[in-house]
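Okay, structure first, notes after.
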Ligand code: SF4
């Protein structure tokens with residue numbers, strides 16, 4: 001949607017029209033929402049354009065003609081270049097019959113038809129041209145200008161144009177040459193242009209004409225096959241281009257177009273991980289069914305009066321959830337969509353990122369950059385070096401110095417920096433601007449401002465958390481007590497029909513009480529099977545546990561007062577950080593929540609979605625670190641009541657946490673493999689789709 005008042009600023013970049021021809025939704029993402037992601041193809045294309053873009057744009061001044069004299073063309077680099085010497089000087093002048101070496105450059109630069117012997121050829125690179133009448137602006141890779149020729153571009157200069165009478169032949173006849181990384185299309189008559197290239201070159205020809213140059217054809221040079229394909233603009237092409245410009249303008253002011261339906265184009269599209277074409281189709285046709293809120297009527301103990309933080313009431317409710325009251329049996333079970341099955345939803349993204357997190361855990365170090373490498377030094381000694389391209393996050397614990405040059409580079413590379421206290425409290429984040437998806441934030445704010453609109457989503461966050469807590473207990477508890485599993489099941493069902501946010505908080509608190517009462521049953525520090533905790537009493541402590549002091553009875557924090565709580569606090573901090581980064585990457589404001597209420601410095605929306613992943617990522621990483629003996633008693637220190645990890649202990653826990661985030665799982669809805677890191681990002685993207693109305697309902701991430 002255009003926000004500009006300057007008509008010149010409203011010109012559509014020709015590259016965006018390429019995208020529109022490829023896929024209107026891709027155009028919308030890039031042009032309207034400002035979303036762009038690099039793929040291998042786009043990186044290769046950008047790299048290969050560097051040489052072209054390094055050149056100077058300089059076309060000889062066009063002869064003014066009737067068409068060009070009208071106020072249709074904007075001030076262009078070409079015009080300016082023609083009027084001055086130095087900046088706009090042509091960067092290459094060759095004679096028409098020069099015998100160039102068969103280099104790629106020569107092959108491409110001599111792309112136009114062979115000029116007559118008396119012709120002089122100028123190559124102008126990176127030429128900017130615009131036209132208000134067309135409503136388009138473009139940067140042309142290369143324009144081959146033939147001076148003093150009686151015939152240059154090989155087609156009929158007097159052919160009619162939809163824009164009106166064609167300009168008479170000017171002194172210079174020009175031929176745009178476009179560089180492409182790939183290969184030409186196999187057409188019926190041999191090599192042919194792709195539609196996107198046809199659009200791009202056609203626009204360049206029209207722009208050159210609008211600016212007073214005689215231009216009949218252009219050339220695309222395909223680097224992969226080192227082949228040139230000529231393109232002569234027909235009236236039919238011109239009409240198609242003008243129709244496409246009008247359609248793209250209309251698209252930009254409307255709603256986002258639907259994704260393509262299982263198109264092969266999506267496989268090569270750099271925005272597939274953002275667009276989620278198959279996932280969106282799947283969820284648009286999903287047959288999920290959740291119980292209506294009225295279903296809560298008559299459920300035992302579920303009232304409007306539940307107060308968050310009232311432990312006595314939560315305990316009563318927790319016990320109430322464990323009953324066999326028939327009212328619970330009458331509550332319909334939620335039905336979520338079946339998994340997609342083979343081939344229905346393609347995984348169009350890598351299962352996980354191939355970059356890593358750099359944790360800086362030593363107080364007082366200096367973090368700087370050396371070229372494209374991040375360097376961590378302590379008193380002049382290098383502790384670690386990581387290449388910028390191998391990094392997706394930098395996490396700093398405690399006091400450290402970081403150079404502004406490094407921060408600037410990290411912002412440019414879109415690598416966030418998170419800051420934690422030595423005790424593991426996540427208190428800040430630095431990242432580049434990257435504020436795209438403005439429409440997502442508008443919908444987020446609107447939904448958050450209306451509690452009754454936010455409640456259905458809040459119910460699902462809490463439902464997902466409790467269901468996953470129950471699953472973790474079933475999977476890992478030495479003998480999961482049936483009343484606890486029953487209570488968690490009822491609590492999850494109650495969350496789905498909670499009549500108010502306060503009720504939901506009470507249900508969540510009651511479920512947490514049940515879950516953490518039995519958490520110690522998942523800790524398998526005992527070597528002797530007879531000493532396995534949890535068999536008799538949930539709080540029974542085996543000697544080995546005592547030694548490790550993992551005698552976890554209940555969740556405590558600020559400060560954590562035992563090693564397990566210290567680990568849980570750190571794990572939740574790391575997960576909150578990762579959810580904040582994911583929320584920002586999707587375009588949300590992480591501080592405006594739909595369940596968690598705003599509070600200074602609290603990333604409420606990140607905490608909302610994090611609920612589903614607490615048991616699966618954070619609790620699970622803690623259990624792995626303890627049960628696999630990754631930590632020993634020596635990894636903890638006690639100061640007063642507070643227990644914390646040593647530097648060495650924290651380092652070991654980072655490994656356990658990152659390993660869990662990288663673990664690949666089968667996505668419960670889409671049936672493909674993804675890491676937890678990717679699954680979290682997916683949840684935020686699905687939440688955004690729900691808020692913008694593209695899919696009807698947000699579905700929580702439930703492990704099987
Ligand atoms: S993934 Fe497919 S539908 Fe989505 S923008 Fe790309 S080409 Fe279009």
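Glycine is treated like the rest: Cβ placed from N, Cα and C.
Record check, TrEMBL: Mn(2+) site residues include 596, 611, and the candidate from 479, 508, 694 also listed there is 508.
Residues 155-193 are the range that TrEMBL records as region 'Disordered', among 155-193, 194-232. The DSSP secondary structure for residue 596 (Mn(2+) binding site) is coil. The Mn(2+) site is set by 508, 596, 611; from the centre of their CB atoms, other residues of the chain with a CB within 8 Å are 458, 461, 462, 465, 504, 505, 595, 607, 608.
Long-range C-beta contacts of residue 611 (Mn(2+) binding site), restricted to its own chain and to partners at least six residues apart, with a cutoff below 8 Å, comprise 461, 462, 464, 465, 595.
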